[in-house]
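Annotation source Swiss-Prot lists GTP binding site at 12-18, 40-42, ARG304, 330-332, 412-414. Per Swiss-Prot, IMP binding site is recorded for ASP13, GLU14, GLY15, LYS16, ASN38, ALA39, GLY40, HIS41, THR128, ARG142, GLN223, THR238, ARG302, and the stated evidence type is sequence analysis. If you look up Swiss-Prot, you'll see ASP13, GLY40 marked as Mg(2+) binding site. Marked as active site, proton acceptor by Swiss-Prot: ASP13. According to Swiss-Prot, the feature active site, proton donor maps to HIS41. Taken from Swiss-Prot, the feature substrate binding site applies to VAL298, THR299, THR300, GLY301, ARG302, PRO303, ARG304, supported by sequence analysis.
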Amino acid sequence: MPGIVLIGAQWGDEGKGKATDLIGTKVDYVARFNGGNNAGHTVVVGDESYALHLLPSGIISPTATPVIGNGVVVDPEVLLEEIEGLESRGIDCSRLLVSESAHVIAPYHRMIDKVTERFAGKKKIGTTGRGIGPAYADKINRVGIRIADLFHEDVLRDKVSNALHQKNQMLVKLYNRRAFDVEATVQELLEVGVKLKPYVANTSLILNNALDDGKTVLFEGGQATMLDIDHGTYPFVTSSNPTAGGACTGTGVGPTKIDRVIGVSKAYVTRVGEGPFPTELFDENGEWLRAQGHEYGVTTGRPRRCGWFDAVVNRYATQVNGLTDIVLTKLDVLTGLDEIPVCVAYDVNGVRYDDMPTDQSAFAAAKPIYGMMPGWSEDISQVHAFEDLPQTCQDYVKRLEELSGCRISAIGTGPQRDHIIEVHSLLD
């Protein structure tokens with residue numbers, strides 16, 4: 001059975017939680033490989049809605065083992081709160097496995113994230129202020145704390161002391177904030193470590209053994225392609241690699257064990273935070289999409305910026321991820337429009353770009369070149385076969401598939417778990 005990577009093909013919030021839950025009922029492991037609690041996804045099961053931030057979406061499926069890989073940065077308090085919240089609603093979290101090599105978001109990471117963003121002024125990135133970037137920075141600078149360190153008091157104290165020696169000076173002298181007490185920070189981390197210990201494991205070994213034994217593993221990415229630290233709209237990006245390559249480095253599983261890469265795209269586009277967004281709408285159409293799609297961030301509650309489908313972005317996602325399939329979500333949101341614009345290329349200072357400009361100055365200047373598609377008025381939420389969709393709706397999907405350079409294998413037609421059309425099997 002395969003190793004399957006599921007990633008966002010746009011700027012996030014594409015509906016990966018729903019797609020993961022759909023596939024997760026048929027797989028043995030669901031492994032989160034990047035990011036932290038800056039990523040939010042919602043899974044709807046019947047009348048119940050679950051907003052997840054750090055836990056893999058597969059936690060809702062009773063048959064899958066959820067895994068937090070080494071590429072994730074973990075805020076222990078947030079993780080424990082999320083576990084407690086789900087268990088209070090009857091969800092069994094005892095199956096959860098957390099990599100002992102994952103890095104920890106410490107209290108000082110959150111403070112640094114907030115003050116640096118506040119002082120950035122007009123140059124702010126639009127972070128969630130949850131300490132993700134500073135934790136990854138410590139990881140790269142080799143002064144980070146790993147989950148395994150929470151169980152070795154002397155090691156932990158040494159690492160916290162080393163980190164705070166520099167960070168306290170910055171907080172006090174540059175940002176006029178209070179210094180963190182080393183011992184208080186150590187004790188706080190030790191306490192959460194005790195609670196986390198039952199979940200901690202060598203997840204790389206477990207996942208590799210599972211694949212070798214013929215099990216199916218779903219690798220779940222947080223955020224999305226256009227927020228990738230290397231391939232996204234830098235510097236308005238996240239601090240990790242939400243692209244397909246991150247699935248390997250973020251779990252310790254080699255690329256030869258990946259059989260399928262599925263990208264999730266909305267039938268339109270949204271973005272949260274700062275940064276260029278060529279198809280962004282500033283008129284009543286943008287407000288309409290936001291209202292119809294309930295476009296507010298799961299993690300931040302911020303209203304999302306909305307725009308028409310951008311085929312240049314999707315072609316780029318197909319390229320950098322090696323997509324084999326696309327799950328198209330929220331097609332129902334477009335119901336009622338007479339015409340639907342689709343961005344087929346960019347105009348950059350009079351020059352046509354059919355492909356993504358890697359020069360971010362060019363991308364910031366990109367103006368969308370639209371093709372128009374006829375809309376539909378019928379309710380599609382109860383449609384379960386592609387051929388039963390309105391013809392203009394089918395034509396829209398086929399056009400997006402053609403422009404993206406990748407087949408659309410599943411289509412989301414509403415918020416419920418069963419509001420989806422599986423055109424091609426995502427597991428065969």
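Note that Cβ sites are derived from N, Cα and C of the backbone, with glycine treated the same way.
Everything Swiss-Prot records as a feature, shown here on the structure.
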{"residue": "GLY12", "record": "GTP binding site", "Cβ contacts under 8 Å, 6 or more apart": "ALA39, GLN223, ALA224, LEU227, THR270, ARG271, VAL272"}
{"residue": "GLY15", "record": "GTP binding site", "Cβ contacts under 8 Å, 6 or more apart": "VAL264, LYS266, VAL327, THR329, LYS330, GLY412"}
{"residue": "GLY301", "record": "substrate binding site", "Cβ contacts under 8 Å, 6 or more apart": "none"}
{"residue": "ARG302", "record": "IMP binding site", "Cβ contacts under 8 Å, 6 or more apart": "VAL272, GLY273, TYR296"}
{"residue": "THR413", "record": "GTP binding site", "Cβ contacts under 8 Å, 6 or more apart": "LEU331, ASP332, ILE380, SER381, GLN382, VAL383, HIS419, ILE420, ILE421"}
| Do you see any of the binding-site residues ASP13, LYS18, PRO303, ARG304 whose C-alpha is within 10 Å of the residue listed as 'active site, proton donor', and which ones? | ASP13, LYS18
| request: Fill in the CA-CA distance, ARG304 (substrate binding site) to THR42 (GTP binding site), as an integer in Å. | output: 15
| According to DSSP, does GLY12 (GTP binding site) fall in a helix, a strand, or coil? | coil
| task | Would you identify the secondary structure of LEU331 (GTP binding site) according to DSSP, in three states? | result | helix
| said: If you count other C-beta atoms within 10 angstroms, which of the binding-site residues THR42, GLN223 is the most crowded? | reply: GLN223
| query | Taking LYS18, HIS41, ARG304 as the recorded positions to compare, which has the smallest set of other Cβ atoms within 10 Å? | reply | ARG304
| task | Taking only the Cα atoms, work out how far THR42 (GTP binding site) lies from PRO303 (substrate binding site), in Å, as a whole number. | result | 16
| said: Cα-Cα, whole number of Å: PRO303 (substrate binding site) versus ASP13 (IMP binding site)? | reply: 12
| remark: In this structure, the one of the binding-site residues ASP13, ASN38, PRO303, LEU331 whose CB has the fewest other CB atoms within 10 Å is PRO303
